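Engineer: I'd like to ask some things about the structure below.
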Amino acid sequence: MAALEGPLAVLGERSSGDTVRNQNVTAAATIANIVKSSLGPVGLDKMLVDDIGDVTITNDGATILKLLEVEHPAAKVLCELAELQDKEVGDGTTSVVIIAAELLKNSDELVKQKIHPTSIIGGYRLACKEAVRYINENLIINTDELGRDCLINSAKTSMSSKIIGIDGDFFASMVVDAASAVKYTDQKGQARYPINSINVLKAHGRSQKESILVNGYALNCVVGSQGMTKRIVNAKIACLDFSLQKTKMKLGVQVVITDPEKLDQIRQRESDITKERIQKILATGANVILTTGGIDDMCLKYFVDAGAMAVRRVLKKDLKRIAKASGATVCSTLANLEGEESFEASMLGQAEEVVQERVCDDELILIKNTKARTSASIILRGANDFMCDEMERSIHDALCVVKRVLESKSVVPGGGAVEAALSIYLENYATSMGSREQLAIAEFARSLLIIPNTLAVNAAQDATDLVAKLRAFHNEAQVNPERKNLKWIGLDLINGKPRDNKQAGVFEPTLVKTKSLKFATEAAITILRIDDLIKLHPESKDDKGGCYEDAVRSGALEE
């Protein structure tokens, strides 16, 4: 072992076996400990200050881990795991990291008992597969029987640990209305909820309960000129990804003029090129022009004369969303394949009304009743920028949860109910296995209890007592068919006792639970498979050679 841990012929260090495994487990546990205290409805927030002094205050696991500058490769795996969970599901980022770290810790104990990592990996895969099957067969609640209340309760459960949890009813209703507003049916006839098309704007000032849901797409811009019309009915929208400014010749172009009068003609032609472009756009019937670039005063005059509304400096992501909602095509150039410039009427989008209104304290442009898809916008108010940013993250998580519930039409009880039920089931399942996987499945079952345990600790309750009571209820539910309704029992963290979370309305999307189990298991297995770490030294600029000499000195080339 000592020989292996010396310098290598490749200018690096190698460590293997138990050393690497211990390092990986420690790194994973460190990452999990950072986010552990932010789990649950009474979890605490983290303040992160980056290298230039920007402050972020958040409770969101994915945001915390994204802002950490982690060096250890095993810790990076967990940070990427939280990012993956956030991208795929949108919620459950903290719990997925905690479960993965606990699985690793317990697998390390098995390795120390001389059980081969391959046996543990096999057991973990089997346990994960059984756990997902058990959730789908026994623990899901169909949302059709619960209706809108189920959606609101799922959103409230997601918000409960966040800054907007205190006004959960208000924001949950707003989020459900926003998600329902953007519903459309795809080609297969299935309902889809593209929550990315919901624009979330932030304005600091006033209280968070003065946030509003706006019917239509709210654009944080104003018309280009005061003389323009502020309202257009039956709007035909042109989405342009270039500037409408006086054309100037590129640098390096040289024009030799013998007659001074020709200079004015060149200037006139520069103006005419842009004028012709605007006329081509207006000739198609366009009366609302949105562009990501600038529009100079000369061009604005043409739009004012034509009675059209022109908006400049629109963000590209907003332009793409508006194009999708209105049925427009984003145009990045007017040039066609023949080298001519043209603009087709088919590239225009349509909306019932485009109007500039004063919403809260700001002037916004609202695009209402778009033709291709409906759209909605949420305008958040808060005391300061930190609060508004955290509210936006919380709304994003809640929107993702509502989308998942609407699309999958199933939820599971929250508050540690699923983890406790799976723990009891997998312990019993492990005893039916005759192979070495039995120990790994039992450790998997024990690892899941970290979620109810952490929830209780964060709520300043007696974790040992609460988790023991919870396990007793779930054991009774699985052993005694007459009392199977006890499977909905989870933790009431405010009063510090178990309760029926189905009646209490504490719900989470089934997808959050199943995906987090799968992702956590795969991440733990990825790190568990590692038994060798070779770390190369960064190459210094002044030391070009030296590899061979270092290798001879270390004895790595001796037989």
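Heads up, the Cβ atoms here are built off N, Cα and C, so glycines get one too.
The annotation ATP binding site is assigned in Swiss-Prot to G40, G92, T93, T94. The annotation ADP binding site is assigned in Swiss-Prot to G40, G92, T93, T94, S95, S161, K162, G415, E508 on the grounds of similarity to another entry. The feature Mg(2+) binding site is assigned by Swiss-Prot to D91.
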Engineer: Suppose we draw a 10 Å sphere around the Cβ of G92 (ATP binding site). How many other Cβ atoms does it contain, all chains included?
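Structural biologist: Its Cβ has 29 other Cβ atoms within 10 Å.
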Engineer: Please report how many Å separate the Cα atom of T93 (ATP binding site) from that of K162 (ADP binding site), as a whole number.
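Structural biologist: Computed Cα spacing between T93 (ATP binding site) and K162 (ADP binding site) is 13 Å.
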Engineer: Can you check what DSSP calls T94 (ATP binding site), collapsed to helix, strand or coil?
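Structural biologist: DSSP call for T94 (ATP binding site): helix.
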Engineer: Taking the residues G40, G92, T93, T94, S95, S161, K162, G415, E508, which the record names as binding ADP, find the longest CA to CA distance and state it in Å to the nearest whole number.
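Structural biologist: In whole numbers, the farthest two Cα atoms are 15 Å apart.
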Engineer: Rounded to the nearest Å, what's the C-alpha distance separating G92 (ATP binding site) and E508 (ADP binding site)? Just drop the number here, would you?
Structural biologist: 9
Engineer: Do you know offhand how many angstrom separate G40 (ATP binding site) and S95 (ADP binding site) by C-alpha?
Structural biologist: 9
Engineer: What number of additional C-beta atoms lies within 10 angstroms of the C-beta atom of T94 (ATP binding site)?
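Structural biologist: Around T94 (ATP binding site), other Cβ atoms within 10 Å: 29.
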Engineer: Measure from the CA atom of E508 (ADP binding site) to the CA atom of D91 (Mg(2+) binding site) and give the result in Å, rounded to a whole number.
Structural biologist: 9
Engineer: When DSSP states are folded down to helix, strand and coil, where does E508 (ADP binding site) land?
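Structural biologist: Strand, per DSSP.
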